[in-house]
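A quick write-up on the structure given underneath.
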Amino acid sequence: MTQDKILILDFGSQVTQLIARRVREAHVYCELHSFDMPLDEIKAFNPKGIILSGGPNSVYESDYQADTGIFDLGIPILGICYGMQFMAHHLGGEVQPGNQREFGYAQVKTIDSELTRGIQDDTPNTLDVWMSHGDKVSKLPTGFTVIGDTPSCPIAMMENAEKQFYGIQFHPEVTHTKQGRALLNRFVLDICGAQPSWTMPNYIEEAVAKIREQVGSDEVILGLSGGVDSSVAAALIHRAIGDQLTCVFVDHGLLRLNEGKMVMDMFARNLGVKVIHVDAEGQFMEKLAGVTDPEKKRKIIGAEFIEVFDAEEKKLTNAKWLAQGTIYPDVIESAGAKTKKAHAIKSHHNVGGLPENMKLKLLEPLRDLFKDEVRELGVALGLPREMVYRHPFPGPGLGVRILGEVKKEYADLLRQADDIFIQELRNTTDENGTSWYDLTSQAFAVFLPVKSVGVMGDGRTYDYVVALRAVITSDFMTAHWAELPYSLLGRVSNRIINEVKGINRVVYDVSGKPPATIEWE
């Protein structure tokens, strides 16, 4: 099935990925590429329309220019913030620095136009939007009309109805812009005429066919971590090629309570996937002995994982492919790191990449999907919702939730405490019936290698401390500590102290990000 596609050219905005997510939510396939994508590649991509993202630069900086041949392709184009300024500048208009930066909430007064027709909510001819700009369009290009303004931005929206070119100075992709989703849907579905055929059933059908064509009769090996991405990748590949897939599950002794059993039950017993379970706890603990520096711990765990995985791979002499759970944000960030044009690049945990001596081809069946789409796919493939919608878990596991040196004793205590915390979050709901686990974005316990005095019964105790951490965030770049009910925190504390022998004090972390990070190490 041929998908209609939207192309997003990225000029470096912090929220460009949100544009892609909004388009995908309209069930239209889109891809995000660097602003300097060559024109012949754009033509080959054959988009139904193009969206030009925002960005931190000025249109007068020669390093941030797209090929102006896009304006001769005869397809609709929407410019957002910097994208609008780029459009105006190159089509004969003028852009000048604003007398004052406009940042935050604004109301745009609109007139009837192709772009705004039917998207206002309660107040006719008004859009509630989120602005973030300094420069602004001061003179329209020929053929354009103003379709929206604010007191400080007389040309907040513009259109050339004949050519279907549109410019908006605000960000429709962020949730603060009340009618933003409707505006993007109007552009993508109505103006571009893209068909909403990007659905999980369609994706599964296409992905299965693609994997079969790519792999043929070859065997595939996949490192199964128990995390969402590798689990969904395993389920999808197994749907496509069955016993040609072998998963390697490395238990380094730093997993959550009963996680190894859960993974084996789900994949080996329920789905019939071939899984090699490697118990490497002793090996990892030996390497981590005496190491207290967080970065050194991460590197040791990563290197040891590759070594264990590599040893298992060598036993599977018929394997020709290495499968990974790479997802679309990983692809975008890696591309940004290579071009040096992205403004915020983070590293991500995969199987550490391909070791140099590994002569395997790479299979990445999730590389076109955002995280929310991966979760949706997992449910569609029959994985339990509880597994698919679990909170993020760091690649090094409990190794970075035990402060200082990692010991088996510490990991065993932390596992039990963390499990109690998660149980209570799942079992406690707010007034709307939503569990506090679903209300929080990430929650976990942290082991502190310090002892404090306590009293239990008639005796004095001198045991360890755990800290509870729960945050609410939309993007994990910033986060607010979750204001959990005192009754919930009290229950968690009582259960941990009574049920986990060796812990006598529980504290709750009320630090936001920034200044603190979400993980303690």
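Note that Cβ sites are derived from N, Cα and C of the backbone, with glycine treated the same way.
According to Swiss-Prot, the feature domain 'Glutamine amidotransferase type-1' maps to 5-197.
The annotation active site, nucleophile is assigned in Swiss-Prot to C81.
The local packing around H171 (active site), expressed as other Cβ atoms within 10 Å of its Cβ over all shown chains, amounts to 24. Positions annotated as active site by Swiss-Prot: H171 (among others).
For E173 (among others), the entry in Swiss-Prot reads active site, with the evidence type sequence analysis. Close to E173 (active site) in the fold, though at least 6 residues off in sequence, lie V15, T16, L18, I19, R21, R22, I80, G180, L184, each with a CB less than 8 Å from its CB.
Restricting the average to the domain 'GMPS ATP-PPase' (198-390) gives a pLDDT of 86. Taken from Swiss-Prot, the feature domain 'GMPS ATP-PPase' covers 198-390.
The ATP binding site annotation in Swiss-Prot covers S225, G226, G227, V228, D229, S230, S231 and rests on sequence analysis. All protein chains included, S230 (ATP binding site) registers 23 other Cβ atoms within 10 Å of its own Cβ.
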Looking only at Cβ atoms, how many others are within 10 Å of the one on G227 (ATP binding site)?
20
Determine, to the nearest whole angstrom, how far the Cα atom of D229 (ATP binding site) is from the Cα atom of H171 (active site).
30
Whose Cβ lies within 8 Å of the mean position of the Cβ atoms of S225, G226, G227, V228, D229, S230, S231, the ATP site, other than those residues?
L224, V232, A233, G325
Using all protein chains in view, find how many other C-beta atoms are within 10 Å of the C-beta of S225 (ATP binding site).
26
For V228 (ATP binding site), write down the residues of its own chain that are at least 6 apart in sequence and whose Cβ falls under 8 Å from its Cβ; none is a fine answer.
G325, K371, V374, R375, G378, M387, V388, R390
Taking only the recorded positions C81, S225, G226, G227, S230, which one has a CA atom nearest to the CA atom of H171 (active site)?
C81
